[in-house]
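*Asks:* Features from TrEMBL:
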- 134-220: domain 'CAAX prenyl protease 2/Lysostaphin resistance protein A-like' (DOMAIN)
- 20-40: transmembrane segment (TRANSMEM)
- 90-114: transmembrane segment (TRANSMEM)
- 170-202: transmembrane segment (TRANSMEM)
- 208-228: transmembrane segment (TRANSMEM)
- 240-257: transmembrane segment (TRANSMEM)
Amino acid sequence: MEKFNENRGISIKESIKLFFEINIWLIIYGIPFTILAIYFKEHGLEVTYESIEQLGEIVAYIFIIKKIYKRFKSQENFRFKIKYKPTLKEGIFVIIATIAYIFVYDNTLGILLQKIPEADWVKNAFIEIESEPLLLQFSSLCLIAPIFEEIICRGIILEQLNKRCGATKAILISSLFFGIMHFNLHQGVNAFFIGVVMGVIYVKTDPLLLTILLHFVNNLYCLIAQYIPYLDQIESNFSVVRLICGVILLFLVYRFFNNSKIDLDRKLNLEA
C-alpha cells in the first residue's frame, strides 16, 4: 500500500474548484457554437442546429481535457489509463454489472423517485432530445457522454483524488460530481450510484475503457427503452425476482473485479 502524498493529486477542496471550472469552461467554449446553432434553427435547419450543438459539445470537452491534462502533466507524471486493453471476460462482466445495477436501482430508488414529480423543464428537455434524429441521439448518449464524462469524472477527478485522499473518498466525490453534472434529481441520484459502480471497477482494474463501456451500455439501454414500451413498463413495476438477481449478480461482479490482477505500476490505496 502506498502512503498518501500531499504533493500528488488533488485535495477535496481542489476537486470542487476543478469541477466548477470544468462546468464554466463548458459554458464558455460552447457559447459560439450555441449562437451558431440558434442561427441555423431560426432559419429552419433543425438537423444542422442539433449537429452544430453536438460539435460544440465535443470541441468544448476536447479543449477542457487538453487544458487539464497540461496542468497535471506539468506537476507530475500524469497519464490517462487507456493503454491497457481489457480482456473479453472483463468486458462481459462489465455488461453483467450494468444489467445487474439496472435491476437493483429500478426496484429500489428508481421506484421511490417515481413518486417525486419531475420539473417541467426536465420533461421538456427529454421531449426535445427524443425528437432528435436517432443517429444524433445515439452519438450524444452513447458516444459523447460515455467517452468525455468518463475521462473527466474517472480519468481525471477520481484518478487525482485517489492519489491524495484514497480510493473510497475519490469514488464517492467523483460520483457526486457525476450526479450533479446531470442537473436534475432523478438522473442525478441514478448517476451517483452508477458512478460508484464505475468508480469501484476503475480502481480495481485500472482501465478507463471498462467504465466507458459500462456507461455506453447503460445509456444504450436508456435509448432503447424510449422505443420499447415493455422496458418502460418493467421499470415502473417492482419485482423481487429482478431485485434479488441484481444483488446476486452485483456481488459476483464485485468478487470478480476484486480478485482481478492489476498493472503493477498502479497501486491503489483503498484505506480511505
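Quick reminder: no glycine exception, Cβ is built from N, Cα and C everywhere.
Could you give the neighbours, burial and distances for every feature on this list?
*Replies:* Cβ atoms under 8 Å from those of the transmembrane segment (90-114) belong to residues 185-186, 189-190, 193-194, 197, 201, 205, 210, 213-214, 217-218, 221, 234-236, 238-240, 242-243, 245-250, 252-253, 256-257, 260 of the same chain, restricted to positions at least 6 beyond its ends.
Counting same-chain residues at least six beyond the ends of the transmembrane segment (208-228), those with a Cβ under 8 angstroms from any Cβ of the stretch are 80-82, 84-86, 90-91, 94-95, 97-98, 101-102, 130, 137-138, 141-143, 145-147, 149-151, 154-155, 194, 197-199, 201-202, 235.
Distant neighbours of the transmembrane segment (240-257): 90, 93, 96-97, 99-104, 106-108, 197, 200-201, 204-205, 234; these residues of the same chain sit at least 6 beyond its ends, with a Cβ under 8 Å from one of its Cβ atoms.
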*Asks:* List the helix, strand and coil residue totals of the domain 'CAAX prenyl protease 2/Lysostaphin resistance protein A-like' (134-220) as derived from DSSP.
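*Replies:* Helix, strand and coil residues of the domain 'CAAX prenyl protease 2/Lysostaphin resistance protein A-like' (134-220) number 80 helix, 0 strand, 7 coil.
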*Asks:* Residues of the same chain, at least six outside the transmembrane segment (20-40), with any C-beta under 8 angstroms of its C-beta?
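*Replies:* Tertiary neighbours of the transmembrane segment (20-40) are 48-50, 52-53, 55-57, 59-61, 63-64, 67-68, 152, 181.
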